[in-house]
């Protein structure tokens, strides 16, 4: 690979603290891998791979890094013949390549004795920890209520935060303070300093308080923005002599703002802003239409400026004196101090409660590791490494940290303690720091980015990787044009300049068949009163109206259909083209809440397969509800609702009438009535099912008392066959995954020391009560041909040929800046002032200061989120949004919304694009209006006007009224219509025969016919629990040698591996593993599939006689697809004589031997002997044989099955 100069410098630089600023698509992972490889092969004295610490953001990233290093080392060994590299490959599995939490866990496991920690600790799950936190919180508050001294601290807090429902808000506030504090290296110190800041001496000037600084900066920024707007107005008015009086007034007002903006103190700004007066606007007579339109626009802009000063800045900050601000802060000191005391007590009590259970959480991993690495004499002002830290500093020759921009203070301190000044390597991209909600601190990266030298010999050096090898030049042009004007130092702390720009690493593609080209913007113009109308209940509604987002979904579906219909192609990394399919398209959303359902439904209606990232809905899944209901019944059968759910489910399967009879047959509960119902009321098959359920139910209760919950759940799956039943339903794999998750959670529950079915059920109920939902199981493979729908956060690190960023007009969510109490890592705690007499809340200076800073940081992160979304695109980028205030937004966009004042992503994009346009949008809002230049293609789409809908409603109302009055009457249907409706097709069996059919389906039907002939079955094949059907197949993950992976998934993985593996007899296991890693990187295998492949089985095939014969063949076909017409035969008895059906299939392997075919099929089944394989698959191979002979005209002389389980070939006679 040819490295750029910057990449080469990043790979070879040594003896520095190095920050690698790696832009999107710049090949940072490849650079990291190459640096590590070069580091350990430089010379015979180079460090081992175990002497390098690599910290990644996710486990998947760590796995990918390890695999890439393995391939790179194997490649070097092959090219150079160096035997010492084999040692590095052998050490690689135990190398320190992991997430930070995994590294912390290793440190704790190795050095637990230095902090008096029991080494048998358990990492508890969040579900158990949540219950424990609530229990400890209640105990802490109770201790305050019971102590007279502490009660005096608590009562004012409860008065402020308490509600009629109890102390829930108070407890949530304490927990929020706790959660924020533990993201700090010194959490209790941060809390104490935050409270101390409210103890302000009298006479202190506001300018000396940290909270005033973000407010002053915000006001100065807005003043500069207003000066810029005045400049635009003055420039515009200077072109119209008739408006000279307005020009003179605006020039005077601009000068006032220039004077105000020069003030840098609180008092100076207060005097300047309070003194600003807006004179009465001049009146004009006899203006023509153009002059009038220009003046009206200028008046609107000036009105917005006036509102900011008179309705926002002055009332919010300068309507009270400095002394009043200080007095408000001092008033809140007892409350903030009390909150910190309670939070500190909770911190200590929670820590002791976890210690008693030998539990730790993920935060503890970091803090316990930090405790080991810090010398006891350390303070927040002076970090002193412990002997363990010094030992690790000497152990690691290099410390590499990936995704450094998403690090917090605790993680930064840990890495600082285990690294030296000459061996620290940090990689990231400040423009992709989007995890503020996880308390990431991007200023850690930004500080080094701005301060580190770009000089080669510097001890602290920054290298910029700006060349993007992922995206097409057309995509990069759009990204650069937006962020050069939006991402400024004033709004994000970073100016998007030459070092931040993306430079094309891909060749420009001019092929007309290529899907790429200009970046598209689609704006849907909706009715301004639409949302209000939709929120009001209509007295008469013919059809529900679409919301604005649903209309946007329709637009997206139309665009996807058009792309697929165009026959366009995407560009592969090697420059070749392949047809665009659904799996090449992703739809990105800022938030999935309330959006995935309408979007997937709209795509489904358009015939577009899609899958959405799920954030919740686990407990709503019917299969989960049924199984939880069964567990509730086993715990306590005297619960009618869970028992009803079980009886109506396929586990028992009684109908509504039987349920009604059960309810009324006696006067007891359903459970008390059930024995009588089973013996006296129920009949036939229904009676057998209920009686069998009662017998099994007692066995389950006994089993549950003697075994763990996970074992009980497995027993229920086994006895009821419910796991296999749901697998046959639509979405079966997801349903089975949901049940598997229930089993896994039971195991995790017991692992942390909990016991008892009641407590486990209570845990699940508590999660639902608290609104804690879980995501349904994700079983989607990355090569499934569906459109992906995911959040922008989830897409980080991924790439897609076609990216559609939807809902661009959605207003930013600022709710986190309006809480009663706000937290910031440097400004501390901002709390509102509480007047207990009037029970009123007022902003304090601290609350305003923290809120202003959080709002600034939120805007900066939204810019970075948009950057991440746009840089996911490889070939085509499409931006979609809607607005219901088009004329208002056009005016704002034309005057370029300041980045800090943007309310949506559309504001940023259109403020840039619209300023390139010569009034095209201002002149017309016609539907399908298109404008384009060399980068953009903008299309405005108008929505259906309200009048159209009203006209339809009036027409329908008129028709209904006509029927009522007898003008339109119902008439009998004519005989020809009745005859047509009653006609029956004379060949009903043909209705159930598809025009085309797969070989697997033929095999399945043939097996069913044979089974019916042998057993004379008259019942459904999936039978409910009965005495005659006591044995049920266990869940797939519990079957022998399955490793908790279904046979189908493992079989798919093995088949993919066999499709591409080189037919070489002498391949070693290491060669095969390296080949699998290579195929995973090429996208032929997923990382999960690669792990499923048994390399010993692959090697056994290659070294078998059939494998050697296949390797010698002059013509080999693998995964050979065929389509052939087959007439009525033994396997297709339902066909009429002379009829034929199109049979489709894929043959695993087909190769020539002496000009005749040998047919080979691989099998991953766990069958006991050859005869079982032949019996199961003879039909399949016979059909393959007939098809191949018909298609090729050559005879199939032999047919083989190769069993990976038996590791031998089986000839099928």
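Using N, Cα and C of the backbone, Cβ positions are placed for all residues, glycine too.
Note that TrEMBL annotation is computational and uncurated.
Under DSSP, residue 29 (ATP binding site) is assigned to a helix (H, G or I) in the three-state scheme. Around residue 29 (ATP binding site), taking its Cβ as the centre, 17 other Cβ atoms fall within 10 Å, counting all chains. The ATP binding site annotation in TrEMBL covers 22, 23, 24, 25, 26, 27, 28, 29.
Here TrEMBL flags 1-472 as domain 'UvrD-like helicase ATP-binding'.
Residues annotated as domain 'UvrD-like helicase C-terminal' in TrEMBL: 513-797.
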Chain-mates of 22, 23, 24, 25, 26, 27, 28, 29 with C-beta within 8 Å of site centroid, ATP: 31, 429, 465, 468, 469, 470
Cβ neighbours within the same chain of residue 26 (ATP binding site) - under 8 Å, at least six residues apart: 465, 466, 467, 468, 469, 505
Coarse DSSP state, helix versus strand versus coil, of residue 22 (ATP binding site): strand
